[in-house]
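Chemist: Residues annotated as domain 'MSP' in TrEMBL: 18-114. Residues or ranges marked as region 'Disordered' in TrEMBL: 110-136. Look at TrEMBL and you will find 160-181, 193-217 tagged as transmembrane segment.
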Amino acid sequence: MQCQQHRQPELVEGSLPVFVFPTELVFYADEQSSHKQVLTLYNPYEFALKFKVLCTAPNKYTVVDATGAVKPQCCVDIVIRHRDVRACHYGVYDKFRLQVSEQSQRKALGRKEVTATLRPSASQEPPSPRTQDEERRIKEQFADSEFFEQTAFQTESRPVAGGPSLLTVLLGLVCMAVLMLPTLGEQESTVPVYLHLSVNKKLVAAYVLGLLTMVILRT
């Protein structure tokens, strides 16, 4: 009797549920601490996901790691900062879209949209459920809205180590030159006597050169 092999059905583009919390970001102009919000993307599946953050108004926000990956049954925090808290933006709804796909594929398996709005003050507006008129107005506003790639963001990535600075390199060259000069007391040398250095000075140069080498190797 042959066993029938069960194959997992291929996921249709856009059909995968995406789990994000919160589903709404509220920034308050008079509260500096609220200008930084965190979106948490959860991956409850048995396979890794890669994600991309899109936005209808990327010029207003900075996003730390607008693209990335989430391991199976793990989550990742995405930091979003509001960078333009002028009064002309009060009450305007923007939208973020989190788009996910399998790491080996390019098509978007799922997406989730999160609204974001700037308000003058938390004390002036006690939290209350949205009215039906407000929900309808938001839906109409985003009916034909355009989402932009993460390259349009003022992207704030985590610092990446670069090469050694020019000052570090020059200081290293000076230390090497010091070590190449003759030691004080050497008779057979064509170098002027005032360039003959003591053993202590050479030891200091060797010590500094060692520290610089460690710094360069770490960068």
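Cβ coordinates come from backbone N, Cα and C, glycine included.
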Chemist: Short question: which residues 6 or more past the ends of the transmembrane segment (193-217) have a Cβ under 8 Å from it?
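Modeler: Residues 164, 168, 171-172, 175-176, 178-179, 181-186.
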Chemist: Do you know the DSSP helix, strand and coil residue counts for the domain 'MSP' (18-114)?
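Modeler: Breakdown, helix to coil: 10 helix, 55 strand, 32 coil.
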Chemist: Let me know the model's mean pLDDT on the domain 'MSP' (18-114).
Modeler: 91
